Ligand SMILES: *Cc1c(COP(=O)(O)O)cnc(C)c1O
């Protein structure tokens, strides 16, 4: 038998979450964000599952768009960071991609390119994230130049990104919205603003297009969950098995450095999953896991290929029992990746994108 660790990907849950994003914003269209190998879920299988549901996809770079086209995806694709060098425009054109422009050199490159068909263009404005985009006071001149070049750029949209849409405190989000509303009105521009938290909780930001990402994969990005975010379903289940079980006396340690010591006579299970699979080594004692569909906790440091869990209160658990590190157990019990992330001092995004290639992905639907 092979090593039991795998990532089960529930494509029906992916579609459910996309429909939720769509239904929350009935007057917007929603780009499905598929960057970083669909947040670790597998780029082409996720795109195929969403084709016919999502009118367009968004990725971080040309290589990801090429992989989608090679996978047979014909829907519109947007490059969220645009081109990284002027020579990429030929491929953008050949693959019929849309592109973001966030810097002057990208605008110059686009305007000096002579495409057979104009390229759908998304003008990125920095409304307060202070990462990519034109300062608001420069947006009008960029917009005017691109508007005056219909042979190069078409379908102009105003794009911006929120720094704090997930926060319960909305002050900075509202500051960004005021900037964007003023700009969109001046330019009479259709907008594309909302990421997952804004899609879920800030309907005033919904534009011609939204850009839900992590919510599609079932992670709740909101600091304070709401009725919509509670409807999200986990897409990835990181699933393994117990490969050994042992009994410890009170006071005996487990694993490297003996970080955890049994506070009582304990039964310990060894799970085939470790940081060499992408499971976060920062996981503290007390990080939740599901064994045979019941909640328990990690005890001791995560090793490269293994980690250890407390089975003392799960007497039915034995070698071969199912272990879910996050996702949905066979009995339907759910452990959210967000909860695991909090115990690793990180966010779901890093756990999901961090599952390494040695973990086989298995796709399920229907
Ligand atoms: C990744 C990304 C998104 C999606 O963000 P989520 O928080 O995952 O919803 C949206 N827009 C841009 C520009 C991004 O880079």
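Here the Cβ of each residue, glycine as well, is placed from N, Cα and C on the backbone.
Here's what TrEMBL has on this protein:
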ACT_SITE  35  active site, proton acceptor
MOD_RES   35  N6-(pyridoxal phosphate)lysine
BINDING   131, 304  substrate binding site
DOMAIN    235-364  domain 'Alanine racemase C-terminal'
ACT_SITE  256  active site, proton acceptor
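When secondary structure is read from DSSP and collapsed to three states, residue 131 (substrate binding site) falls in the coil class. Look at the Cβ of each of the recorded positions 35, 131 and count the other Cβ atoms within 10 Å; the largest number goes with 35.
Geometry remark: residue 131 (substrate binding site) versus residue 35 (active site, proton acceptor), CA distance 18 Å. Here the CA atom of residue 256 (active site, proton acceptor) lies 11 Å from the CA atom of residue 304 (substrate binding site). Helix, strand and coil counts under DSSP for the domain 'Alanine racemase C-terminal' (235-364) come to 19 helix, 49 strand, 62 coil. Listed in sequence order, 300, 301, 303 are the same-chain residues six or more apart from residue 256 (active site, proton acceptor) with CB atoms under 8 A from its CB.
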